[in-house]
Amino acid sequence: MKKLSIAILILAFMASCSNKENGNTKNRNNTSNQTAAYMKLQNPQGPTVALNLTDFKIENEFIYYQGNIFTGKVTFNLPHKSGYFFVSNGKLEGETEINYKLSGTKKVQVYEQGKLVKLTQTENNIITEVIYSDDPNSISNRKIVQITTKYDKNSYSMDLQSMIGSIQKNGKFIKDLNVEENKNGDEKYVGAVFEENGGVYKTYYNFTRDGAISEIKYKLDSKNQKSETLSEIRKLNDINTVLENGLTLFRRILSSSGESATPEQSSAQPNGENISNPTPTQTNQNEDDLALLDRVYDEVMHKNNPDILKTFSKRQLAYIRNTLFAKKGYIFTKPEYSNYFSQKSWYRGTQTNQDTLLNEEEKRFIDIFRRYEN
């Protein structure tokens, strides 16, 4: 009777999560065709060259190499990341790969005419694939239409257009599940019931607006199947939902391409009442300002890890923050920063208006910084 009741429960849950409307089939097929089209994008043919500030420039929203609009493969190897871009007629086309040396995270982004259409992010052997589409209401003009995560023998998938998902758990596959949304509209999830380790569990695949992806398990009481107890919450991955376009990404890595490719240990120390704040020169003697900015920017904006800012003193944070403005060519009026950055070979002060220097993502980065500085 116990096995029969469990079987009935599983069937009932599957039925409750089945297709809402037959019309969803058409939407699901459209998204599948869209995904297949992205997979067929070919990397352009052309020479392979190393990224450098001498030969490359961006002009009128096109990538130039030695004075000509470029087509081919561009490789880079910086202190904290390495990878490559494929470029066609001056625009990102095909794959861009970024390997983060400190965390081991790997991102493969697929572009079409400079627009991001697919992201595959691998971290700790967990693979998340995200499909994007046009969204005129978004700052980045992109929206997520499909998200899939795979690890071990498990996989989860949600189509955010048809609102249909699937779960594969320990080799058992359930499809055509309804994707649900919480009351605030900032979380989407899909769930199913599975037998596991002698018990019955309701397992949810959860995706939040800020890019957190989790697996949430509730254990069901076999005697009272309406009762459920939270068993486990496992963070699977984090994706950056604040997107920068392909040209901005290329420009940012290009600006750091003069750095040495050999990473050295940062001597930054945690901030505390009994710890003296070293000068920026002492703190970053083994890490170039631009390299440090690049590393912190990646952690905060691309890995959703603002807690890295806690490892710096308030004065160190101020110098890292102002490095972004220096990188943009801001002319400092405060002598402390004017004297400091004027000694940097890469600094060229040409701009006086802070308000027009930064894009939306960079402004958000500065806002996060200020919260930790105060």
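Every residue gets a Cβ built from N, Cα and C, even glycine.
Curation plays no part in TrEMBL annotations; they are all automatic predictions.
Over in TrEMBL, the protein carries these features:
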SIGNAL    1-19  signal peptide
COMPBIAS  258-285  compositional bias 'Polar residues'
REGION    258-286  region 'Disordered'
DOMAIN    286-374  domain 'YARHG'
Residues in the domain 'YARHG' (286-374) grouped by DSSP into helix, strand and remaining coil: 59 helix, 2 strand, 28 coil
Confidence summary for the domain 'YARHG' (286-374), mean pLDDT rounded: 83
